[in-house]
Amino acid sequence: MAGFSHFSQPPYRDLWEPPRPGGERESTQRLGGQRSGADSTACSRAGTPGAESEAGACWLHPHCSFTPRPRRRGCSDSLRGSRSLSDVARRPLERSRKHRPRSRRLEDAWGETGTKPRPAWQPQTQLPPQRPQPCPHYPLAQGDSPPPCPGGAGTPLSGTFRVEKAQGGDQWAVPLGRHLGRWSPSSVPSERSSVPSQKFKRHSACVCAQKRDSSDQVESLASRDSQPLASSKEMRSPHTQVLKSKLEEVVVSSQDQQIVALVLTRLKKAQRIRELQQQAAKAWEELKRSDQKVQMTLERERRLLLRQSQEQWQEKEQRKTLQSPEQRGLRRDSQRKNVPPGESRWKEQPEDQESPRQEKLEKARAQAEHRKQCQVRRLREQEKMLRNLREQHSLQLQRRLVEACRKRHLHAVEGQKKVQDTNLSSLINYQARKVLMDCQAKAEELLRQLSLEQSFQRSQEIHQGLRKERQRELREKAQKEEEQLQQARWRAGESEEQRKMRKRILVELADEKIRQARSHVHKTTRDKVQHLRELNHLREKNHHILKLKAEKEEKCHIEGIKEAIKKKEQRVQHISQGKDPNFQEFQKLPQASRREERAPPNSSLDQMVLEAQLRACQQNRGY
């Protein structure tokens with residue numbers, strides 16, 4: 001039964017490793033606008049400006065907050081369409097892989113193209129919010145979290161962001177106000193952690209201060225990055241506004257909040273179970289100590305009674321030996337008085353001869369009777385003492401057996417509950433991670449599309465500006481050259497043909513320069529597009545390799561979980577069928593005691609040996 005106390009340990013070490021320090025601050029600063037935009041959107045719809053978002057996340061510690069792991073690009077939403085809640089348990093734990101953070105890769109891509117994306121938190125005209133479509137294949141149950149849509153856990157089939165049940169009057173929906181870095185393994189709750197809810201309340205002030213600092217950083221970045229790009233005309237295009245509105249409408253659904261609440265209840269229940277186990281262990285120790293004290297007192301009383309009986313017997317023997325000569329003299333005198341005087345003379349001689357023999361016979365007879373009575377009395381006392389001891393031992397054994405059966409049943413029930421709690425908590429953790437990963441993947445996909453479109457618009461704008469500037473310079477230069485030619489013609493008096501030829505040559509030179517500039521601009525744009533295509537191809541290839549590796553790790557993890565569950569079920573089945581060695585030992589003890597009761601006691605020494613053996617068996621069973 002002691003094996004059930006280890007069910008709360010982590011099955012795998014990856015889930016409790018500390019988070020990696022790099023790659024979180026940069027992603028927070030770049031994607032901080034998403035938090036502020038989502039907060040403003042959720043507050044405007046809920047009617048309370050920022051109250052629900054801070055109330056929903058005030059208990060999270062800054063080091064224990066859920067930091068979602070990004071989903072790698074290249075995996076279409078249609079592949080997730082056939083998944084359900086039963087597939088969540090097959091998702092692997094945190095992979096120990098070394099690759100560059102996604103924010104660093106985006107920075108490299110922006111640096112190679114020579115442009116950076118425009119911040120997504122600039123104020124734009126918002127489109128009317130889309131009404132969320134309920135999932136047709138998963139009806140909601142009372143007291144349960146809403147099931148995921150058919151396209152995946154929190155991933156719509158259209159590939160766009162929607163407000164997940166925020167407009168439907170859901171009181172648990174809060175805007176996404178977390179860092180969009182990699183998934184932190186320290187954020188996964190487990191049965192092993194026994195932190196009470198008061199510890200989370202203690203760190204609410206830290207979380208609120210961190211939110212205010214992050215919002216200040218977002219506002220400073222927005223004011224700094226929006227100044228040099230305020231003159232852009234293509235940013236007002238409808239497609240860019242749609243992407244921004246979708247990015248700002250990212251919220252965490254009620255499923256995440258219910259998952260967190262359920263995890264907290266599981267933690268409290270596990271702590272309560274541990275306290276009950278400690279109390280039961282203390283009670284068992286006290287019971288063993290009291291049992292030992294009772295046995296010691298019984299043994300002391302038995303020895304005292306035995307000593308008293310021996311002393312009484314010795315006193316009686318001494319009293320009889322001292323009083324026997326006097327009694328014989330008195331009896332002889334009484335006989336002499338009763339005999340007539342005539343007969344006493346001729347009877348004195350045979351009486352004197354027979355008196356020693358009679359005295360010897362009487363003495364032997366008295367001693368035999370006394371020994372017989374003492375032996376009978378001793379046997380009766382021993383039988384009575386043995387009967388009392390057997391009754392006491394049988395009562396103690398019955399009481400202990402009933403208590404042991406009750407505790408064994410309680411331990412078995414607690415073990416089954418622990419197994420169910422661990423399985424449910426692992427499933428909840430997988431669901432929470434899946435939802436958060438999908439949210440981050442959507443945000444990154446929208447950011448990537450927005451950055452690509454912004455860079456393309458900026459390159460087109462630069463190209464058009466350069467072309468206009470070049471044409472203006474060429475026109476001015478042609479005018480100056482024409483003026484110089486006219487002045488030279490007037491001065492030198494050249495003929496009309498020479499002037500026409502010179503003008504034609506100048507026009508051809510100007511056209512040639514224009515063509516060269518145009519070809520150079522087309523070549524640079526074509527090279528940039530080709531470079532972006534190669535970069536996307538490499539990213540897709542890397543994503544495919546990582547996906548294969550993740551599937552392999554997922555299979556290994558599922559096999560490990562199945563094997564652990566199978567071992568636990570076998571253990572519970574053995575205990576329930578009575579194949580446990582402790583239970584067999586409990587069954588053998590009453591049989592041995594019954595055999596000892598049927599067997600007649602040979603002597604007091606054999607009885608003491610049997611009592612010592614029985615006491616040793618009881619002590620071994622107690623420990």
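Placement of Cβ uses the backbone N, Cα and C atoms for every residue, glycine included.
Just so it is clear, the model here is predicted, and its values are computed rather than measured.
If you look up Swiss-Prot, you'll see 1-241 (among others) marked as region 'Disordered'.
According to Swiss-Prot, the feature compositional bias 'Basic and acidic residues' maps to 14-28 (among others).
Annotation source Swiss-Prot lists compositional bias 'Low complexity' at 76-87 (among others).
Among the features that Swiss-Prot reports, compositional bias 'Low complexity' is placed at 184-197 (among others).
The compositional bias 'Polar residues' annotation in Swiss-Prot covers 217-230.
Here Swiss-Prot flags 266-295 (among others) as coiled coil, drawing on sequence analysis.
Look at Swiss-Prot and you will find 314-376 (among others) tagged as region 'Disordered'.
The compositional bias 'Basic and acidic residues' annotation in Swiss-Prot covers 344-376 (among others).
According to Swiss-Prot, the coiled coil annotation covers 359-392 (among others), on the basis of sequence analysis. Summed and averaged per residue, pLDDT over the coiled coil (359-392) gives 82.
Annotated coiled coil per Swiss-Prot: 431-501 (among others), in sequence order.
Sequence annotations record features per position, and here Swiss-Prot assigns SUMO2 cross-link to Lys528. In the three-state DSSP scheme, Lys528 (SUMO2 cross-link) is classed as helix.
According to Swiss-Prot, the coiled coil annotation covers 534-573 (among others), on the basis of sequence analysis.
Among the features that Swiss-Prot reports, region 'Disordered' is placed at 574-607 (among others).
Other C-beta atoms found within 10 angstroms of the C-beta of Lys528 (SUMO2 cross-link) number 17, with every protein chain shown included.
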